[in-house]
Amino acid sequence: MEMRICLLAGDGIGPEIMEQGVRVLETVAGKFGHDMEFTDALIGGAAIDETGDPLPQETVEACKAAQAVLLGAVGGPRWDNLTGAERPEAGLLGIRKALGLFANLRPAKLFPELASACFLRPDIVANGIDVMVVRELTGGIYFGTPAGEETRDGLRTAFNTMVYNEEEVRRIARVAFEAARKRSGRVCSVDKANVLAVSRLWREIVTATHADEFPDVELSHMYVDNAAMQLVRDPSQFDVIVTGNLFGDILSDEASVITGSIGMLPSASLGAGGPGLFEPIHGSAPDIAGQNKANPLATILSTAMMLRHSFGLEKEAEAVEGAVQQVLKAGYRTGDIMDQGGTLVGCNTMGNLVNERI
């Protein structure tokens, strides 16, 4: 298979972890007989320094010409004096919009070898944590209108509007059901249908989409307040969670932090037919940039998500994930996941160790 991939290294540790991600992709290409073409482009602070714009038009065009986009990290204190659309983070928001990415897939998996990092009770951890939160990215209360502030009865009053139409719900539901087919085949749709009209429509459309298109997948529904509790009470009950923008923002962060190893977690943002964007959920860590201390595993696991979701290469994705697990089982650790008895290695060595096991 021929693959065109755009690389957005970004800022801080971005170039270091990107290097390891690319090496893994090159190893996969060599061992499985694929051809990969890489294009580099600027985003975030690096783009500001070079062009004055956190998202140059050339970057947008390069991403649109690719089949998938791999992102390192964006932002850092050297650009803290900038505001709004001038900030590095505006580049990330801009590329998501330019590519029409409406679905964010964030897996929260606890590797057994890192169980000691999890703050949940040992009996809960023993059941395993492997949750995928599918969050709608472009609708809901963050983008609904009207929104703003005005004076009512002499009082400052602010307001936002939560809005979803049936097609927005249907397309995110399809992403969740398709993801579940690649996993354990279970979807839990999270809403607040006992209070919100928008959630009642959400539940109705998710249920209909399940019946019409995905009867082989198990579907359940849960109110968001209960879901937030159940995630810490027994995360093993969940496979794929699908929910709207606001609830997904909260639940995906909750799901990621309960693993205790945020430096291990990848993510994917997908649209309708165009290139997907794959990135680690951690930040740019400027305090350790250029010191060979960064953990590249979240980026490497993001390449596995790319292979699976952009190219349909399940065997190759599993090979990458299996290699990561073997390295952890052998006791190798970067500083952020170091535990008693582990062997401390740097970013480059960790990448080498994974490559050797693919």
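Note: Cβ is positioned from N, Cα and C throughout, glycine not excepted.
Taken straight from Swiss-Prot:
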{"type": "BINDING", "residues": "76-89, 283-295", "note": "NAD(+) binding site"}
{"type": "BINDING", "residues": "R96, R106, R135, D225", "note": "substrate binding site"}
{"type": "BINDING", "residues": "D225, D249, D253", "note": "Mg(2+) binding site"}
{"type": "SITE", "residues": "Y142", "note": "site 'Important for catalysis'"}
{"type": "SITE", "residues": "K192", "note": "site 'Important for catalysis'"}
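Ranking the binding-site residues G76, G84 by how many Cβ atoms sit within 10 Å of each one's Cβ puts G76 at the top. Calculated from their C-alpha atoms, the gap between R96 (substrate binding site) and K192 (site 'Important for catalysis') amounts to 27 Å.
Take R96, R106, R135, D225, the residues named in the record as contacts for substrate: the widest Cα to Cα gap among them comes to 28 Å. DSSP classifies R135 (substrate binding site) as strand under the three-state reduction. Cα to Cα, K192 (site 'Important for catalysis') and D225 (substrate binding site) are separated by 8 Å. Of the chain residues outside the Mg(2+) site list D225, D249, D253, V224, A228, L246, F247, G248, I250, L251, S252, E254 have their Cβ within 8 Å of the site's Cβ mean position. With R135 (substrate binding site) as the anchor, the candidate binding-site residues are P88, D249, A289, and the one with the nearest CA is D249. Summarising the environment of D80 (NAD(+) binding site), the number of other Cβ atoms within 10 Å of its Cβ, over all protein chains shown, is 10.
For the binding-site residues listed here (D225, D249, D253), the lowest count of other CB atoms within 10 A around the CB belongs to D225. With every protein chain in view, the residue among the recorded positions R96, R106, R135, K192, K293 whose Cβ has the most Cβ partners within 10 Å turns out to be R135. Taking each of the binding-site residues A285, A289 in turn and counting other Cβ atoms within 10 Å of its Cβ gives the largest count for A285. For D253 (Mg(2+) binding site) paired with R106 (substrate binding site), the C-alpha to C-alpha distance reads 9 Å. All protein chains shown were included, and the count of other CB atoms within 10 Å of the CB of Y142 (site 'Important for catalysis') stands at 15. Of G84, R106, A285, A289, all annotated as binding-site residues, the residue with the shortest Cα distance to D249 (Mg(2+) binding site) is R106.
Under DSSP, R106 (substrate binding site) is assigned to a strand (E or B) in the three-state scheme.
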